[in-house]
Amino acid sequence: MGARASVLSGGKLDAWEKIRLRPGGKKKYRLKHLVWASRELERFALNPGLLETSDGCKQIIGQLQPAIRTGSEELRSLFNTVATLYCVHERIEVKDTKEALEKMEEEQNKSKNKKAQQAAADAGNNSQVSQNYPIVQNLQGQMVHQAISPRTLNAWVKVIEEKAFSPEVIPMFSALSEGATPQDLNTMLNTVGGHQAAMQMLKETINEEAAEWDRLHPVHAGPIAPGQMREPRGSDIAGTTSTLQEQIAWMTSNPPIPVGEIYKRWIILGLNKIVRMYSPVSILDIRQGPKEPFRDYVDRFYKTLRAEQASQEVKGWMTETLLVQNANPDCKTILKALGPQATLEEMMTACQGVGGPSHKARVLAEAMSQATNSAAAVMMQRGNFKGPRKTIKCFNCGKEGHIAKNCRAPRRKGCWKCGKEGHQLKDCTERQANFLREDLAFPQGKAGELSSEQTRANSPTSRELRVWGRDNPLSETGAERQGTVSFNCPQITLWQRPLVTIKIGGQLKEALLDTGADDTVLEEMNLPGKWKPKMIGGIGGFIKVRQYDQILIEICGHKAIGTVLVGPTPVNIIGRNLLTQIGCTLNFPISPIETVPVKLKPGMDGPKVKQWPLTEEKIKALTEICTEMEKEGKISRVGPENPYNTPIFAIKKKDSTKWRKLVDFRELNKRTQDFWEVQLGIPHPAGLKKKKSVTVLDVGDAYFSVPLDKDFRKYTAFTIPSINNETPGIRYQYNVLPQGWKGSPAIFQSSMTKILEPFRKQNPEIVIYQYMDDLYVGSDLEIGQHRTKIEELREHLLRWGFTTPDKKHQKEPPFLWMGYELHPDKWTVQSIKLPEKESWTVNDIQKLVGKLNWASQIYPGIKVRQLCKLLRGTKALTEVIPLTEEAELELAENREILKEPVHGVYYDPSKDLIAEIQKQGHGQWTYQIYQEPFKNLKTGKYARMRGAHTNDVKQLAEVVQKISTESIVIWGKTPKFRLPIQKETWETWWVEYWQATWIPEWEFVNTPPLVKLWYQLEKEPIIGAETFYVDGAANRETKLGKAGYVTDRGRQKVVPFTDTTNQKTELQAINLALQDSGLEVNIVTDSQYALGIIQAQPDKSESELVSQIIEQLIKKEKVYLAWVPAHKGIGGNEQVDKLVSQGIRKVLFLDGIDKAQEEHEKYHNNWRAMASDFNLPPVVAKEIVASCDKCQLKGEAMHGQVDCSPGIWQLDCTHLEGKVILVAVHVASGYIEAEVIPAETGQETAYFILKLAGRWPVKIVHTDNGSNFTSAAVKAACWWAGIKQEFGIPYNPQSQGVVESMNKELKKIIGQVRDQAEHLKTAVQMAVFIHNFKRKGGIGGYSAGERIIDIIATDIQTKELQKQITKIQNFRVYYRDSRDPIWKGPAKLLWKGEGAVVIQDNSDIKVVPRRKVKIIRDYGKQMAGDDCVASRQDED
């Protein structure tokens, strides 16, 4: 924090600490606000160093100000802090933040006026648009664009990954895209193109805005004058139909057209929509995490509360109830003890350091030490005393310049108050916070090297001399405390001589701590008391000394009394006689890697899976392996107190007689917390820069070198069984990361990165690529120097317990790394041999496809489409599959390609990347990325069909998208593309179909076959061509259908089909029209499905029928396709509909429409009810609702989405027309009882509850804290009727807001029927009737009335069934899974039906067919092996 704290110094810091956060508030700015601000700036990709000057603050304000309106609270706080800091730098006197903002505004207004005057004078001189993406003037006077940097792109990708479209994304996007061109913005969007749903929303917004732009800026008639630029269209602004040069010209013309800013505004509009969709936060969702500090939780709670749409009273209730209710258990206990009237300040004080990670206690210690400091220090804090400021010193490591909160050193063990182990500060019973900085004895500035068994900040495996401080043995408590070890002690490393300052006889001397010396020997000095002569032997011979007994000596602040020898010694020595008294120990720490804390998923326990029987040879092999592992400390034995178990087994190693131990961690993996993978992919050799010297290392026993969290080890327990259960099994648990456990890769990678970090910093000229246990080390050093560095690296790794075996240490090329073969100036994949086989199984083909995919990185032209087709459907791995002719041909072609070895080259950052794409046919594409022709960096293929129907242009865009993403990952930039498509073809397509996956810079390359559009649909009807009205119909039950057409020239045709659907017949009808028409034709359909397929102009399809239509379309000269709504009485459409419906559609529903409309006018029932009651198609029923003006106020309310216990009702009062309506909702069904009550009193409410209980089974009523619900009358009524009353939040958080939404729904229905009733109470009962019986939807598609009856009846049946289930519990089930032939079990029988049973195996509930289970009675603890009861027992 040293750098961050240096933002202000001296008088400026005093001025800063006088400014109040709010006008009239108590809190003032402190140093911590500067630290926070500098951290926040890093998140916005801004340099924290800018805070040190007023100009820097101005620049920050300029970046943040545009985003303030849409920004989050954090952004606003950051802006306020920087504005206040600016005033301090400029020495503008301000009292609080508000005043600082006003002064800032005044300054900005002044500077705006100055700039306006200067702009006129400087026009033409300054062409720089932005700092971020400058469009600069080169030496020739041309405007040149500097492309967006990979660092900015990386920051943007990280923002999306971390924030996941939370509100902070918008200001961050705004800051990162300052001054960008549309092409830059498209590059940014391309990098996050994988978020398809979000990109789709963004695309729609951009489409709308572009259309609006085109509407407001119509094209001028006539040709453009020479030398004049054309005006940008909407698609030009979005960078789809404009070139980079055009964009630069628009942005730098006079007057400029800021296409970048306009496009950015459109994107921000789209991002706003996305944010609203992705971040719907309700106050009920705000809960304190198990390790979240209370202060952070309160911040989130109030931030959300401010946005909540509720009255002040409701917000008050939320603060009183929800804040405590949703705190974590630790904080909740403390808050409840404080009582109901506690202030927020008291709550935060009480919960400080509780509920957060252990390091939060450091903050509390810091605060306590400051609180106990002298009054002068307090005066200085307040700014009353201008004396010299005391330097900040860390409590954790003792260094100056930062506080414990920001300390990077590992946390010291033990309590921060008394120094003892076994508890933390919050649990300390010591009354005095004896934690003043002077108590820490850190001799000679070595305070940074603190004692900790687990971590070493500076010297991982150094021998260390540690002085364990005991309390003064002369004190009263000395006798009690003998042997108590305190961690408040120095640690002295042995890289240098351990010299310390000692105090003896009132004199200070320097002495050497010598654990090899028996006695303490000091140079000539006078000591009080009697002495005896003595001779002592040393390395230089014997010397005469004086022996003084019972001498008091102070070493590192710790006192000891013992014998001291005085004589002519070359150096003062403190020997073991005194070192043992002060608890000094010599330590040899090993494998000091910091353990990563790991937890199970909330609410889950460890695995308890039984060990299955193993053969004798496997047991012997496992016993040998585990004995060896135990000796090495990788595993340790556990006793019967550990209830957890994971099964193990053994397999033979490949081409060896040795055995390998495998642990089946599937169950533990399900229960372990999720981890963030540190690396998202593997490094690629094409991204390596060419290096003079290269070495490849492999870390031996990688996982077994990293310790596992002590508290988690018990869950990894496993058992080696004995033969024939002769003795109990031997049980072990892992002390290190186990193979096969889900946390091992992430923890190993994280540990390895931390270990390599200091080496990387010391040797920036060396490149280390790290993936799991494979290390690639490259440098431009001479080979001798390079190898010296490699040895340093190996030594560095060895200090941390990582070995790099010589066996896998590759010094000479070719290097085998990550499946690649690396040479000094080229690379390839390790040799690939395709197997020759007579017959191919599914497994063989899967392996073959995997090999070919791997080879396609560098071998251009590899295809696998036909081979993949063979694997379609669910097939057993051993099933033999005959190769089709196409697959055999494809395989033969691939063999030819692989015959000649192909190499790739390394990346040169000074040259441009170029990507060239070729079409291979059958939807397959190949591409090469290179910097020099015929020297490929890498190659690849693409054969994915994103939809059933597509065309080449669409697929080409997908290939480009894939290559762009791949290039950004490997090289941090996108290549220039060379595509086999004419510019005209491209523009024809994208004028209609532009979207959020834009093409970067590209040029046409004439590589056959070229991509083209095979046919085009007309925009307007073709005059003089015959018009075909087409339609199709099918019966769902019989699958019979008809397709046909009627033309405007009197022709008609109907063709019957079998085994068809409505959608197929619609397409068949179009196909018929195309077959029977001339070269020009107009076709009118009422099918949106058919229209959607054909308008996208596909040229290939998986559907045979669509392929036929495509063939017909290619033959035509002109085709116009139009859509009309069905059943609207449109001439030709109505005729053809009747023609194809005869004998197909069961009932002509037209008769029911009038009745349905009539009923809707009365009851305003929803479309589901009408579709069900009058046998109408959903589209017709929806049309009736759509045409009703009273039903268009809002969308329909969702019913029945909450599934709760049958006896829960929620009650609430709502107000309408000055009257009170009491509403009761049955939570599970959405059924309503409501009444207008004379007054909102307890008496009326109690009477209503009794009426409700008389009609329905009511077990629980959930209400708010209104006075009528908390009254004695209601309590008495509930007690009499046996109803439990709940307030606040019900236990099921899903059921929140049920009454609120029903109130709105009821008011909406009342509004629809109000004019039919004179009195409100009549309208209320009409609305209740409509809601309960005339609206269908939700669970089961019932009305609420039907649903409540169904739920109550089901509840009664379930209770009856429950009685029978207790009988079923006495049975055990053995069962087989779909493919696995081994019998599993025993499982618990939950339910037995005719065709299947429901069983519970461990915690999983499964449904298994009857034919795959054996049900037996539970005969106690007898083992059910393959040859005992389970196999022989008849089925029950």
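Including glycine, each Cβ sits where the backbone N, Cα and C put it.
The DNA-binding region annotation in Swiss-Prot covers 1371-1418 and rests on sequence analysis. Here the DNA-binding region (1371-1418) has, by DSSP, the following mix of helix, strand and coil residues: 3 helix, 31 strand, 14 coil.
Sequence annotations record features per position, and here Swiss-Prot assigns Mg(2+) 2 binding site to Asp1031, Glu1066, Asp1086, Asp1137 based on similarity to another entry. Mapped onto three states, the DSSP output places Asp1031 (Mg(2+) 2 binding site) in strand.
Look at the region 'Interaction with Gp41' (7-31): DSSP puts its residues at 7 helix, 2 strand, 16 coil. Marked as region 'Interaction with Gp41' by Swiss-Prot on the basis of similarity to another entry: 7-31.
According to Swiss-Prot, the feature region 'Interaction with membrane phosphatidylinositol 4,5-bisphosphate' maps to 73-77, an assignment based on similarity to another entry.
As annotated by Swiss-Prot, region 'Disordered' applies to 102-129.
Annotation comment: Swiss-Prot describes 190-228 as region 'Interaction with human PPIA/CYPA and NUP153', evidence class similarity to another entry. Applying DSSP to the region 'Interaction with human PPIA/CYPA and NUP153' (190-228) sorts its residues as follows: 23 helix, 0 strand, 16 coil.
Look at Swiss-Prot and you will find 16-22 tagged as motif 'Nuclear export signal', backed by similarity to another entry.
The Cβ of Pro223 (site 'Cis/trans isomerization of proline peptide bond') has 7 other Cβ atoms within 10 Å, all protein chains considered. As annotated by Swiss-Prot, site 'Cis/trans isomerization of proline peptide bond' applies to Gly222, Pro223, with the evidence given as similarity to another entry.
Summarising the annotation, Swiss-Prot assigns site 'Essential for RT p66/p51 heterodimerization' to Trp989 (among others) and lists similarity to another entry as the type of evidence.
Among the features that Swiss-Prot reports, site 'Essential for RT p66/p51 heterodimerization' is placed at Trp1002 (among others), with the record citing similarity to another entry.
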Residues from the same chain, set at least six apart from the ends of the region 'Interaction with membrane phosphatidylinositol 4,5-bisphosphate' (73-77), whose C-beta lies under 8 A from its own: 40, 64, 67, 168, 171, 303
Reduced DSSP assignment, Asp1086 (Mg(2+) 2 binding site): coil
CB within-chain contacts under 8 A for Gly222 (site 'Cis/trans isomerization of proline peptide bond'), separation at least 6: none
Cβ neighbour count (within 10 Å, all chains shown) around Asp1031 (Mg(2+) 2 binding site): 29
Integer Cα-Cα distance in angstrom, Glu1066 (Mg(2+) 2 binding site) to Pro223 (site 'Cis/trans isomerization of proline peptide bond'): 45
Secondary-structure category, per DSSP, in which Glu1066 (Mg(2+) 2 binding site) falls: helix
Pairwise Cα distance for Asp1086 (Mg(2+) 2 binding site)/Pro223 (site 'Cis/trans isomerization of proline peptide bond') [Å, integer]: 41
Neighbour count (Cβ, 10 Å) for Asp1137 (Mg(2+) 2 binding site): 20
Which of Glu1066, Asp1086, all binding-site residues, has a Cβ with the fewest other Cβ atoms inside 10 Å: Asp1086
Pairwise CA distance, Asp1031 (Mg(2+) 2 binding site) versus Pro223 (site 'Cis/trans isomerization of proline peptide bond'), rounded so that it is a whole Å: 45
For Asp1137 (Mg(2+) 2 binding site), the three-state class that DSSP assigns: helix
